[in-house]
Structures are given as C-alpha cells and as structure tokens.
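To start, the structure itself, in structure tokens.
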Amino acid sequence: MENPFLGCHPTDPIPDPFLNQPKLFRFLRPPRKTTITPFLAQKSKQKQPLPTAAASLKLREHGGHLQQAITALEQGSPIRSRVYISLLQSCIDADSIEDGRRLHASLCAVQDCNPFVETKLVSMYAKCGSLEDARRVFAGMRERNLFTWSAMIGGYAREQRWGEVVDLFFGMMHEGVLPDTFLLPRILQACSNTGNLETGRLLHSLAVRIGLLDSSKEAHVSNSVLAMYAKCGELDSALRFFEKMDRRDRVSWNSIISGHCQCGGHEAALRLFARMRAEGIEPGVVTWNILISCYNQSSNPDLAMELMKQMESSGITPDVFTWTSMISGLAQNDRMNEALDLFQEMLLTGVEPNGMTVASAISACASLQALDNGKELHSYAIRIGCSHSILVGNSLIDMYAKCGRLEDAQRIFDEMAEKDVFTWNSMIGGYTRAGYCGKAYDLFSRMESSGVRRNVVTWNAMISGYIQNGDEDQAMELFHMMEIEGIRRNTATWNTLIAGSSQNGDPDQALRIFRQMRAFSVRPNSVTILSILPACTNLLSVLKVKEIHSCILHNDLQRDISIANALIDTYSKSGDIEYARVVFNGLSGRDLISWNSMIAGLVLHGRCHDARDLFNQMKQEGIRPNKAIFASVINACGLDGLVNEGKKVFSNMTEEYQLSPGLEHYTGMVNLLGRSGRLREASDLIDNMPIEPDAALWNALLTAARIYGNIRIANLAATHLFKLEPRNPETLRLLSHAQALYGKSNDASKVPRAKKEGSINESHGCCWMEVKPKVITFSTGSQVTMNSESKLAEINSRIMDTNEVIPDFDGTILEIEEDSEDIVGTHSEKLAVAFGLVNLPTFRAIRIVKSESIGFLQGQEHMNINKVSIAPSTLTLISFLEEPPPQVPPPFLPLPRCYQEHGVSSMWGRKAVRHQRLEKLLELPLEGSKAPKAPASGSRAFESSYRTRDDDRIKELSPHKDVYMYRVAG
C-alpha cells in the first residue's frame with residue numbers, strides 16, 4: 001500500500017509525523033502474539049466435547065432467551081463466535097453490562113475465537129458505559145484492526161472525552177491503521193471540540209492523500225473538515241476550503257455560517273445566509289436556529305425575533321430549540337417579562353418545552369422575584385418530569401432564594417440526588433443575599449467534603465455576603481485564602497471588594513483595592529469602572545477621576561455608554577464640568593441617561609443657560625425627556641429667575657408628556673417662586689399638592705421666607721419641619737434668627753421647640769483637605785500648626801470687617817449669621833486655606849470640603865462647591881450642589897450681571913456676600929460702594945456696576961493658586 005504521507009517528490013525522505021507526537025495513547029501495549037486469557041474468564045479443567053448438531057440448534061434457540069443462553073455457557077456448553085457475537089449484541093440492546101460480564105467470563109467456550117469477537121466485547125463495554133473494562137480488553141487484544149479502533153474511539157466520543165480520542169488516533173496511526181470515511185469525521189470532531197488545529201490540519205492532509213475528499217459521495221468528510229476549521233476559529237482556511245468544495249449541501253452552509261457566528265461575524269453570517277438561499281438551497285430549521293442563537297447571544301434579541309418571524313413566514317415551524325433560544329436570549333438581556341410572555345406563547349402553539357426551556361423561564365421569574373409565576377413553572381416541571389434535573393433544580397433554588405423563600409430553596413436542595421457546583425453556589429448565594437452568612441459558611445465548609453470542588457463563583461458569593469453585611473475583615477480573609485487554596489481570583493472577585501468598600505462609605509479603600517487590582521495585571525471591565533467611579537465623587541481630588549479615565553482609555557472601555565454616562569456624572573460632581581462636556585460631545589450615540597447627566601451637571605455648576613439650550617437640543621433630536629430631566633430644567637429656571645419659563649416647563653411636563661410631578665418637581669417650583677418673592681404662590685402650591693410634602697420642600701419655603709422677611713410663612717414651614725425632623729436643631733436656629741430680625745408673629749407660640757438631647761451636638765464646622773495621599777481635618781477653634789501661624793496672621797490682618805450684610809428687600813438689613821471667632825475660635829476654612837498656602841505647591845489648587853448648616857445648603861446630603869480662582873484682575877466663583885439633579889438648589893439671590901462681566905461665573909445667595917468677604921481678604925476694592933437694589937420679579941441680574949483692579953499684593957498672598965471650597969451640609 002502506498003504511504004499516505006509521501007510528499008510531492010518521491011525521492012524526498014518519508015516523514016512520519018505521528019511517530020514524534022508526545023501524546024500517545026497512555027494505556028496502549030503492543031499487540032500480543034500469543035493467545036491470552038480474558039481478565040474475567042475462568043479456564044476449564046476438562047476439555048469440553050464438541051456439541052452435536054441438536055445441541056447446537058438448541059443453543060441457537062437460546063439466543064432468544066439471553067439468560068438461558070448465558071446459563072448454558074456457564075455450565076460449559078461450547079459456542080460458535082457468530083452466536084457469541086449475537087449474544088453480546090443482545091446485551092448492548094438491553095444495556096445490560098452485568099450480562100455482558102457473564103458472557104465475557106465464558107469467552108473460553110467460544111470455539112473459533114477471532115479479533116471480531118474481542119472487538120464486539122470492546123464495543124459492548126463501551127456502549128454499556130464501562131470504558132475502563134473496554135480499555136482493558138482493548139489493551140490485551142492479540143490483534144487490533146480498524147473495527148477495533150473504531151469501537152474504542154466511538155466509546156470515548158460518546159462520553160465526549162475528546163482528548164483521549166485524539167490520543168487514540170495517534171496510537172492507531174503508530175500501528176499503521178488508517179481511518180476510513182466513518183472514523184475520520186469523529187476524530188475531526190474531537191479536534192474541533194478541543195481546538196486542536198494542528199492535528200486537524202494533519203487529518204485534512206491525510207484525507208487528501210488517501211482520497212477521502214475526491215468523491216462527491218464522501219461529502220460528510222468534507223463537511224467535517226470544514227466544521228473543524230470553522231470551530232477552531234480559522235475562518236480564512238474555512239472559507240478557502242468552502243469555496244473549493246465540489247458539492248455544498250445544507251450541512252456545509254450551516255458549518256460556515258456557524259463559524260462566522262462563533263467568531264462574531266454576524267453580518268458576514270447574514271450575507272452567507274442570503275447567498276445560500278440565492279444558490280437554491282433553502283435553509284432548514286438548524287440554519288435558522290444557528291442565526292437566532294447567534295443574535296441572542298450577541299445581545300440583539302430584537303433581530304433574533306425578526307429572524308424567527310421570517311422563519312415562520314418561509315414555512316419552517318420553530319422547534320423547541322428555537323423557542324428556548326429566544327426565551328433564554330430575552331432573559332439574558334434583562335427582558336424578563338417578554339421571556340415569560342414568549343414561554344406562554346410557546347405553550348399555546350403546542351410545542352412542549354424541555355428542561356432548558358423551563359429553567360430559562362424560572363430564571364426570568366427569579367430576576368423579577370415573581371414567586372407565583374415561579375410556583376406555576378415548578379408545578380409544570382413536575383408534570384413533565386424534569387423537576388429533578390440539575391438544571392431545573394438549580395433554577396428553582398435560585399428563584400426561591402431570590403424571592404425570600406429560603407426554606408423552600410433548602411428543601412429542593414436537600415431533595416436533589418445529584419448536585420453540581422452550580423447547585424451549591426445557588427444555595428450559598430441565597431443565604432448570603434439574605435444576610436445569613438453563618439448558614440452560607442456551613443454550606444461552604446460542607447461543599448468540599450461532599451466531593452464538589454469550590455470554584456471562584458463560590459468564593460465570590462461568600463466574599464460578597466460578608467462585605468454586604470459590613471464584615472470587611474472576614475471578606476478580606478477569604479480573599480487572601482483564595483490564593484492559598486489555589487483559586488485564581490478573577491475580575492468579579494476584585495469588583496466585589498471595590499463595590500463593597502464604596503457602598504460601605506470607604507472610597508479610599510475602594511481606590512486602594514482598584515490600584516492593587518491593576519498591580520496584579522487583572523484587566524478591569526465595565527463593572528469595575530462603574531463600581532469605582534461613584535467613590536470618586538466623594539473625594540477631594542479630581543485627579544483620581546482622571547486616573548480612572550486613563551484606565552478606561554487604556555482598556556478600550558470608552559465605547560460603553562454606561563461608562564461614558566458615569567464619567568459625565570463623576571466629572572460634574574468632582575468639579576470639572578469641562579471634562580464632562582468633552583466626554584458628552586465625544587459620544588457617538590447618546591441615551592436618555594447621557595442627556596440627563598449632562599443637563600444635571602450644567603445646572604450643578606450654575607450654567608443654567610447652557611442646560612436649557614441642551615434641553616431644547618435634546619427635544620429637537622426627538623429624545624423624550626423623563627422626570628429627572630424636567631427636575632433639572634425647573635431648577636435651572638429657578639437659578640436664573642425665569643419664573644414664567646419654569647411654570648411653562650412644569651405644565652408641559654403634565655400636559656404634553658403626561659408625566660406626573662414628583663416631590664423633586666414641586667420642590668423646584670417652590671424654589672423658583674421663593675427666589676422671586678412669590679411666597680404666597682409657593683405656599684398655595686404646597687397646599688394644593690396631590691402628594692405629601694417632605695422636609696426638603698418645607699426647608700425651601702423656610703429659607704425663602706427668611707430672605708424675604710415673611711415670618712408667618714417661616715413659622716408655618718418650621719412647624720412642619722419640626723414634625724418631620726424633630727431632632728434637627730438647625731430648623732430652630734434658622735427660625736430664631738428670622739424672629740430676631742423681624743420679630744415674632746402671632747402664631748410663633750405654636751411653633752414647637754427642638755428637642756435638646758445630649759446626642760444632638762451643635763457643630764461649629766470643620767473642613768477637610770487632601771495633601772498627597774492623606775486627608776487632613778480642620779475644626780473650628782482647633783490649634784494652628786506652627787508653619788501656618790504666620791500665614792493665618794497675614795490673612796487676618798487683611799480682613800477689615802467680618803460683618804457681612806446683604807440688602808433686605810423691605811429696606812432693612814438681613815445679617816448672615818457667622819459665629820464670632822472670639823467665641824468659637826478661628827474658623828475651620830481659614831485654617832485650611834492657611835495650611836494649603838503653606839504646604840501645597842504654588843501650581844496646585846487648594847481644594848477644601850467644609851461642613852455647613854442646613855439653612856444655607858438645603859439638605860444634609862448636598863454639597864456646595866465654590867471655586868475661587870485668584871488672579872491679578874479676575875475672581876471666579878462657582879457654586880453647585882452634589883446630588884444630580886439638584887432637587888433643592890438654595891433659593892438665594894440671582895447672579896449680578898456685573899459680576900459676570902468681571903469673571904464671576906455664578907454664585908448663590910450667601911455666596912454673593914462671601915464674594916465681598918473674599919474681596920476684603922484679597923484687598924480687591926470694588927468701585928461703587930452702593931448696595932445693589934432688589935431685582936424685579938423674574939429678572940436675571942442686578943443692575944449695578946462693579947470693577948476689579950490689579951493688585952500685586954494678591955501674588956504675595958497666593959501666587960498662581962486656585963482655592964476650591966467644598967461645602968457639605970450637616
């Protein structure tokens with residue numbers, strides 16, 4: 001026989017690529033030349049006589065009665081090989097390995113034993129599920145032919161032990177046995193499933209050289225080669241082979257389309273699908289299912305649904321795989337209700353679901369926490385007999401656990417005869433989510449002893465449970481134990497720690513873990529970024545946001561719309577609205593959250609005109625605004641004093657967009673009306689609200705009443721505030737100041753007093769400043785550091801007058817309360833500024849976070865930021881709140897236009913007074929000492945003229961420095 005591996009030149013050396021393969025069949029031994037005794041056979045002590053013709057006929061009749069025939073053999077009756085092979089086939093048909101073993105023990109009774117008898121024994125053991133017995137018979141055979149190798153390879157292929165199939169192929173070639181057209185596709189399938197491209201290429205070469213690809217009748221071999229290249233990701237080789245095929249059937253098209261789908265070439269797969277139909281080959285249900293599954297897995301269930309409709313219109317009825325693929329795809333893309341609706345539609349069409357379908361529907365119920373629907377599906381699973389499968393059982397445990405029915409989940413867990421790692425993970429995850437970390441740890445400990453190895457998901461569930469319950473020490477201990485146990489920590493492990501630290505109020509710890517993650521060369525994903533960015537909104541340095549932004553660019557995550565939206569929000573909150581605008585403008589596609597984040601950020605920075613322009617642009621592009629965007633726009637109108645426009649936005653929200661206003665919208669309207677002095681209208685709006693007002697809304701009314709001197713409305717607001725927040729002393733303090741300025745009204749006695757308890761402490765304020773990696777706290781009245789003392793004295797010497805006033809609109813003066821330094825000591829912000837001027841480089845900005853009372857900042861969770869850029873002839877002041885959208889912006893005075901002309905971006909209320917104080921601090925006198933008059937209703941600016949002038953003494957105090965004042969309520 002001609003050697004199949006001869007090259008194109010006969011004179012060349014003849015290589016044998018298989019002899020040098022390192023992975024030879026481990027248990028092979030050379031064929032034995034002498035007759036062997038089977039490992040279960042017993043030698044007969046006496047020679048048995050040959051059977052008579054009648055006895056042989058009687059024995060053949062026993063072939064219809066397997067047990068009787070085996071009994072006759074065990075009694076010593078001889079048998080011919082053909083009858084013995086027939087009895088082995090009966091054992092295969094009955095799946096009776098015990099009867100097969102009894103036959104094997106009587107092998108010595110076979111008169112004319114030949115390799116086909118031993119081959120049938122190998123086949124019997126392999127098909128009855130005992131590969132170990134098959135292997136022992138195979139290894140001890142006198143002679144192994146193609147059929148023997150086929151039986152052994154077929155057994156391992158049925159068990160999907162593809163690596164051993166490849167090893168057997170090399171052993172077969174080593175003995176000089178070549179595969180035929182039936183065996184070669186199985187070996188190619190093993191190469192496909194193991195990704196063994198090198199062996200696949202050798203098999204392709206072998207098929208060409210022995211002529212298995214020449215005949216169009218051997219199309220299944222060509223299809224196997226094509227499928228091997230496609231599944232191994234070698235699309236170029238697959239396409240070249242595909243184009244050279246003499247005959248392409250439906251299987252060929254399915255293989256090349258599936259290969260493109262597997263490698264993400266969805267558009268190319270669709271083009272091939274269209275070409276297939278154009279060449280006259282109608283796609284079958286398998287072809288349609290390949291495309292539908294592909295688009296579901298690529299997060300495009302809408303196109304998958306469209307393909308399913310085209311499938312039905314072309315006369316192909318969707319099968320259970322089609323419906324299961326669609327239900328699973330919708331569930332995986334968070335469209336749970338649609339998945340359950342499709343499951344019901346499937347039942348109405350008469351297609352019976354399988355276990356995978358039921359499990360996907362139960363998973364949808366788990367995500368929705370739809371307990372009643374989950375129970376119905378549980379009942380249905382019992383009815384069709386799939387409730388005891390591992391897949392359905394795992395889904396039921398997860399569903400009951402997420403619905404809070406841990407006892408039912410535990411009962412199903414205990415009843416499951418077979419449990420895999422997903423079963424244990426589902427039960428452990430259920431306990432950790434419910435806060436029962438002790439019970440979860442018991443299961444965690446039992447898992448190893450039950451023979452199921454804990455995987456990284458198991459460890460992640462335990463770490464997540466501990467960190468969500470505030471036990472960070474135990475979580476970190478498990479985190480470090482993973483490496484000791486040989487479990488490789490994945491991205492989800494790090495994400496769990498980062499998100500947990502951030503949610504537990506420790507953003508610095510979250511950032512440390514994030515940096516450690518990068519140091520271990522673990523690639524962050526979108527979940528990592530979305531977990532760490534919120535931690536940066538509470539930090540003092542915007543550089544941390546830019547550090548994470550650079551990580552996003554380095555890992556090519558900037559195209560993720562959710563990450564871009566988070567960046568816009570974080571940059572806005574950290575004080576860099578320009579970077580937020582750059583990210584927004586760079587988006588190729590914007591969703592509603594993108595517009596909402598950008599508009600809220602602009603309002604947050606006081607750039608209300610830009611926010612309204614962006615709102616109008618959004619509407620022109622056909623984007624329908626939601627409630628959050630309307631809240632931001634109403635606040636923007638309030639900051640600019642545009643009462644009529646704000647009212648129009650509020651009415652359009654209900655009339656044009658059919659959106660019912662919430663508390664944030666009513667609070668914005670109260671601020672809008674309160675800023676313009678329309679206190680009666682604001683009070684009437686509250687009285688006619690269909691929902692109950694909250695503390696933020698009453699606080700907005702109280703602040704407006706203080707500014708405009710309406711003590712009756714101030715008392716009304718304070719009364720409601722005391723009912724909602726009886727332990728808040730700030731309300732009484734603000735009301736007392738108002739009464740001291742304007743006198744008490746007749747109903748002042750009805751206002752309750754705040755509860756004075758030892759747990760309520762009046763803080764005189766504190767500041768925080770970040771210097772390198774540390775955060776330093778400054779408290780009012782605390783001791784001055786030695787290095788800062790001289791700078792503080794210089795600052796105090798420049799303050800000529802600390803009594804700050806703003807004009808009252810009734811002709812009186814409303815003093816802004818500021819505790820005297822003679823009583824409480826040096827103010828914390830002054831200490832922080834002095835410390836920053838001494839210890840920070842001249843090119844670094846001074847960023848300070850300061851606590852402030854609720855009366856000035858409208859809510860304990862809001863943060864007001866002032867950015868003061870100190871330059872020879874310019875003073876920039878920016879103020880905004882932390883939480884987007886700013887539901888309760890302080891209803892203070894609008895920005896004087898004259899300040900805008902001289903570099904002041906925006907300021908609110910008290911900050912206008914603070915501006916005067918800064919001028920005194922920096923010795924920047926203003927020309928025109930006359931106080932500005934009150935603006936008319938709805939006007940945007942005072943009409944007055946101020947002008948700053950150069951002063952070299954600014955450089956002496958703070959050359960090239962920016963001062964950022966972050967004011968935190970509370």
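Glycine is treated like the rest: Cβ placed from N, Cα and C.
What TrEMBL records for 929-954 is region 'Disordered'. Sequence annotations record features per position, and here TrEMBL assigns repeat 'PPR' to 145-179, 218-248, 249-283, 284-318, 319-353, 389-419, 420-454, 455-489, 490-524, 591-625.
Mean pLDDT, taken over the repeat 'PPR' (591-625), works out to 92 on the 0 to 100 scale.
Helix first, then strand, then coil: DSSP counts for the repeat 'PPR' (249-283) stand at 26 helix, 0 strand, 9 coil. Broken down with DSSP, the repeat 'PPR' (591-625) shows 26 helix, 0 strand, 9 coil. Beyond the repeat 'PPR' (218-248), the same-chain residues lying 6 or more positions past its ends with a Cβ under 8 Å from any Cβ of the stretch are 181, 184-185, 188-189, 191-193, 195-197, 200, 203-204, 207, 212, 255-256, 258-260, 262-263, 265, 279, 281. Note on the repeat 'PPR' (389-419): residues 355-356, 358-360, 362-363, 365-367, 369-371, 374, 378, 381, 426-427, 429-431, 433-434, 436, 450, 452 of its chain, located 6 or more positions outside it, place their CB under 8 angstroms from a CB of the stretch.
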